[in-house]
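> Take this structure first; my questions come after.
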Amino acid sequence: MGSKTLPAPVPIHPSLQLTNYSFLQAVNGLPTVPSDHLPNLYGFSALHAVHLHQWTLGYPAMHLPRSSFSKVPGTVSSLVDARFQLPAFPWFPHVIQPKPEITAGGSVPALKTKPRFDFANLALAATQEDPAKLGRGEGPGSPAGGLGALLDVTKLSPEKKPTRGRLPSKTKKEFVCKFCGRHFTKSYNLLIHERTHTDERPYTCDICHKAFRRQDHLRDHRYIHSKEKPFKCQECGKGFCQSRTLAVHKTLHSQVKELKTSKIKC
């Protein structure tokens, strides 16, 4: 059987080649050493590749003391050349937790722990309130919680939200007749309508003393006494004192025309 040759070790970061050694030295501030003095060059490059890879991923700058190199697993510590002092850098930043902030009194604040959901007692766990919220007074029975819920409801109501760039639309006033309950949008129309119930005629003719409910009706009536008929029919030339009388007269002409056309067809 022939001798089996072991393959060369593969770097942890494949994109870093041996030519990047000078770049790694510039980044980490290492002294320039010829490559022939580094027998374990692959391990040296792989070690710095981990540091560079962590730097490119955007991990926070958390440093470990130099004594932490002794706690590194053997597979990784064997890659480090003991002749060079490497700067301290985080080996596994996703495992290391950030230091808790110390308050002014010198005490470390307790971590906020949320109780686990009890799947064995689903009904009880779903209905009970969060103890952290109850301690802060955010329960439904507390005054602060009820006021906040009330404010949220008023924010969502469309009546409280004015439209941007537009004035709120005014509601139309309604005038209701006290006799029959009929609705009107103008007070004048309601006044004239109520006179039909009360038979009130405040406008009286000075000549014949005839009374009218509306002022325009009295104006049309005065044309009779003046012999002036401003509304004239264009077909027969007959004059009328009121426009509504002329409109009724025109319907008679249209009916006569319809009768003539029907006789011709027969």
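Any Cβ shown, glycine's included, is placed from N, Cα and C.
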> According to Swiss-Prot, which stretch among 19-41, 111-133, 203-225 corresponds to the feature zinc finger?
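That would be 203-225, per the zinc finger entry in Swiss-Prot.
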> I'm validating the feature mapping. Which of 139-161, 231-253 is tagged zinc finger in Swiss-Prot?
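The range carrying the zinc finger annotation in Swiss-Prot is 231-253.
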> Neighbour count, 10 Å Cβ-Cβ cut-off, for ARG116 (asymmetric dimethylarginine): what number do you get?
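ARG116 (asymmetric dimethylarginine) is surrounded by 7 other Cβ atoms within 10 Å.
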> If we skip the immediate neighbours and take only residues 6+ beyond the ends of the zinc finger (203-225), which ones have a Cβ under 8 Å from one of its Cβ atoms?
192, 195-196, 241-243
